[in-house]
Amino acid sequence: MIIYKIPLSSHKFQYISGKFQIWNISKIPQTKFPENFRKSSRPQFTNCPTMIVMVGLPARGKTYISKKLTRYLNWIGVPTQVFNLGQYRREVLQTYKNYEFFRPDNEEAMKIRRAYASNALKDIASYFTKEQGQVAVLDATNTTRERRGVIINFAKEKGYKVFFIESVCDDPEIIEANTMQVKLSSPDYENYDKEEALVDFLKRIDCYKMSYVPLDEEKDRHLSFIKIFNVGSRYLVNRVQDHIQSRIVYYLMNIHVTPRSIYLSRHGESELNLLGRIGGDTGLSSQGQKYAKALAEFIRGQSIKDLKVWTSHMKRTIQTAEALGVPYEQWKALNEIDAGVCEEMTYEEIQATHPEEFALRDQDKYRYRYPKGESYEDLVHRLEPVIMELERQENVLVICHQAVMRCLLAYFLDKSEDDLPYLKCPLHTVLKLTPLAYGCKVESFYLNIQAVNTHRDRPTVNRSQATLLLTIHYLLICSRAPVQKPSPA
């Protein structure tokens, strides 16, 4: 295999088996045009911004899809933002009256709707040019050909790609559940009682039905889109253009809305944890073994239906899972971040032997890569298949490691790259994640087994050499006696 590396702004490509593959996506290069460039539409480059345009009647899960997709794309390093047209409307109108505003024959309202829709498109253009965004998700109904045509022409003029996501649902139970769980609690109905809100919202849906024209497999065959039927019972995918769109389709075909919980736990305290050493593949300490038993008791007490248990390939997670007495699945992708030449070293030893590396990691912990090892950014890409499989599953217990747990937690809680490496994931604590319509509920359970504290706080800017190690803690939870640390070699 011959690999050519071609630098292009902040992008890197690999040429493998006759194909270019993007392997590090962060920012897109901003295309420059000469002053006298005045053509009606700009050329559409391969690596140009993408507009994701939602389509569908109200209460079909468009906002749920928008938020979830945006969270995923940001997590894998593709700068993405949602532009919700309902929010634009509320900023213009301040107070919602009733469904009459959405009647297609209400000319005054239609002028207002077109105006704030135009403002949203302007904000999208600003996001792409000024903030170097790569994907914008337009969360709106976009139920008419006329409206979609305006968006297509806007994108063509700016040189953007467009990918439509239409959510089609005719299952009364799904529509009712979405209406009751989400729509009736929206700001539009804060001054309505529940019955009045329901009547008004159903009439609002009827207003949209008057002019709704779904994407058509034949008439719209030149467009790029995916149609999702009844929350994923069937899909229709048409004309996927590029890498980003293919990843979006793959992601959307893996998510589901079945109620479930995901349990995240680090392994029990390890022998190297006691010594303040990072990485390695040692077994559990005596306290770690106690935690494994406590975890088994906790899981039994949860009475979880059809629970699946996943571990890494490392001894400390496997030993923790063994105490459960149930089958478990080992994932190499769940192995702890590879510290390379710093494996099994203390932070004091790293500072003494690799002072420059120690300082560089503090400057950008997310992107810093250990010599011959990995970065958090590498780890996120390694964990993407795990996230895809988690989205497909129902109840799962993941027994993993500190850096891995941070990456998984950042995905579900929509945390930024800057915050991800500093999320607190203490030993001997279980986090129960319950995905909700527009977010994720987190419950923390400390199982009352003492352990060392391996968390390192975010360093302050411009700190002195003397304070470099103050962010390293060998504190103990509760009152356990301190452990003697080995002096640096």
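Any Cβ shown, glycine's included, is placed from N, Cα and C.
TrEMBL labels come from automatic prediction, so no person has curated them.
Per TrEMBL, the features are as follows:
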- His267: active site, tele-phosphohistidine intermediate (ACT_SITE)
- Glu336: active site, proton donor/acceptor (ACT_SITE)
- Arg266, His267, Gly268, Glu269, Ser270, Glu271, Leu272, Asn273, Arg316: substrate binding site (BINDING)
- 39-259: domain '6-phosphofructo-2-kinase' (DOMAIN)
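Comment: substrate site residues Arg266, His267, Gly268, Glu269, Ser270, Glu271, Leu272, Asn273, Arg316; largest CA to CA distance 14 Å, whole number. Note: Gly268 (substrate binding site) has non-local neighbours Leu284, Ser285, Gln287, Gly288, Gln289, Lys290, Tyr291, Ala292, Leu295, Arg316, Gln319, Thr320, Leu427, His428, Ile449, Ala451, i.e. same-chain residues 6+ apart with C-beta under 8 A of its own C-beta. For the domain '6-phosphofructo-2-kinase' (39-259), the model's pLDDT averages out at 94. Annotation note: Arg316 (substrate binding site) sits in a helical segment as assigned by DSSP. Taking Cβ-Cβ distances under 8 Å and a sequence gap of 6 or more within the same chain, the neighbours of Leu272 (substrate binding site) are Ile278, Gly279, Gly280, Thr282, Glu344.
For the residue listed as 'active site, tele-phosphohistidine intermediate', the count of additional Cβ atoms within 10 Å of its Cβ stands at 30 [all protein chains shown]. DSSP assigns Leu272 (substrate binding site) to a helix. When secondary structure is read from DSSP and collapsed to three states, Arg266 (substrate binding site) falls in the strand class.
Note: the Cα of Arg266 (substrate binding site) and the Cα of the residue listed as 'active site, proton donor/acceptor' are spaced 10 Å from each other. For the substrate site, the Cβ centre of Arg266, His267, Gly268, Glu269, Ser270, Glu271, Leu272, Asn273, Arg316 serves as reference, and the other residues of the chain with Cβ at most 8 Å from it are Thr282, Gly283, Leu284, Ser285, Gly288, Leu427. Rounded to a whole value, the Cα-Cα separation of the residue listed as 'active site, tele-phosphohistidine intermediate' and Glu336 (active site, proton donor/acceptor) is 11 Å. Recorded residues Glu336 (active site, proton donor/acceptor) and Ser270 (substrate binding site) have their alpha carbons 13 Å apart, per Cα-Cα distance.
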